[in-house]
Amino acid sequence: MYSQEQMLKIIQEKNVEFLRLQFTDISGIVKNVAIPATQMGKALKSGISFDGSSIEGFARIQESDMVLRPDLSTFSLLPWSTKDDVNEARLICDVHLPNGLPFEGAPRRVLYRQLERAKEMGFKMNVGPELEFFLFEKGNGGSATTPHDFGGYFDLGPVDLAEDVRREITRALIKMGFTIEASHHEVARGQHEIDFVYDDAIKNADKVVTFKYVTKTIAMRQGLRATFMPKPVYGAAGSGMHVNISLFRGLENAFYDPETPLNISDLARFFVGGLIEHASAITAIANPLINSYKRLVSGFEAPVYITWSGPNRSSLIRIPSGRGLSTRLEFRSPDTSCNPYLTFAVILAAGLDGIKRGIDPGDPVDLNVYHLTAAERKSLGIQTLPSNLKEALDHLEGDKVIREALGEHVYENVMRLGMLEWEEYNKFVHPWEIDRYINTY
Ligand code: ADP
Ligand code: MG
Ligand code: MG
Ligand code: MG
Ligand code: MG
């Protein structure tokens, strides 16, 4: 962590001309204001004011003044900005009210609040997100979904034309402080994944946001379009953001217990119990778009049923095979359109509720749940994830724990924006309907 003096010195040494002060709106979209380096002293001292009423899900007009306070630990040069030794840098900011208090409706703040609760219970949350994305040809006014290559899972060039782009993205991420574990072609044509190492939840929520705009920027510079839309191509796999989670107590992984059959602790099981109990409400946050629900269908390794298991990739919660320090749960429903701060916050709130109440998740279901009949699922007590945004919002409305975790401000705005999206979509006459009905009726 830098002091203000150190920060100013670094800015000078690195010849930083502009600083981008960044934060996310309620949908996880990065907002930023650029200031010349000469304004940095002022920004550090008193923050930078902005109009909160222009940011989705923030303030009402009558109380719109808000202040950005840069988190100095997030300082990073933008690798593509260097020109004639002059640099641009970014800082991620917290949002405050003019009276100095934190703005409780800012997504980063929502995650802080849950991490504080975890800390009071003695835990630190670690998160390892896996992001998938598509690379498309540009053209067609920018909305074409022509994949950029013909590769498949783990394929090697020359079919995987995107190897070069992936390498460029990886390079830029490494320059910005990422530790990359792997990068590979995914199942669908044009689909890729780059994994970075797990870390503290705030740091990795920041990294998810950074990951997305670095990927988009590098792709654009190579004449391609990167998208984190959950299901861009009908009939192909969608883009998920599996969230790997563990709780640490000091240096120990509190999810590990060599004495039990699965080698996971009761605490881990209770965390799973909490996730299962709140899974439907979490969906409204982890799968926030109309399009999100076109990914949550059977046949593509995306979860549909609320189950947990050992290695089974058809379940909502998987326990990957790593043990010891890498003992973790993998929560598989979130997609790449979610706001990572809010998503990690509600996952943690659900898990902590499970721990507090000792919620038993029942036995793991080590079957391919896609292949079970409705009757078999019923006899096993297996519930289904919401199948559309409206259902998910209804579940959120009825879930006190998840609502409280979001806080009134964020909750109200998630509901409002979600319902707007749902109504807009329902009013529209889609091409699918024309194809299907126009001749028959
Ligand atoms: P998959 O087999 O599901 O494709 P990946 O290897 O792509 O898994 O990703 C695994 C993720 O889990 C990585 O981000 C990794 O850093 C993370 N991870 C490893 N150990 C832990 C842990 N203890 N807590 C949280 N995440 C972890
Ligand atoms: Mg993976
Ligand atoms: Mg991987
Ligand atoms: Mg994957
Ligand atoms: Mg995974």
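These residue numbers are counts, starting from 1, taken along the chain as shown.
Glycine residues also receive a Cβ, built from the backbone N, Cα and C atoms like all the rest.
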From Glu181, Glu330, the one annotated by TrEMBL with Phe196, Val197, Tyr198, Arg313 for ATP: Glu181
Same-site L-glutamate binder from Arg269, Arg328, Arg332, given that TrEMBL records Arg295, Glu301, Arg313: Arg332
Least buried by Cβ count (within 10 Å) of the binding-site residues His242, Arg295, Arg313: Arg313
Binding-site residues whose CB lies under 6 angstroms from ligand 2, from Glu130, Phe196, Arg295, Glu301: Glu130
Lowest local Cβ density among Glu132, Glu181, Glu193, Glu330, which the record lists as binding-site residues, within 10 Å: Glu181
By Cα-Cα distance, the member of recorded positions Glu181, Arg313, Arg332, Tyr370 nearest Glu193 (Mg(2+) binding site): Glu181
For the recorded positions Phe196, Tyr198, Tyr370, the one whose C-beta sees the most other C-beta atoms within 10 angstroms: Phe196
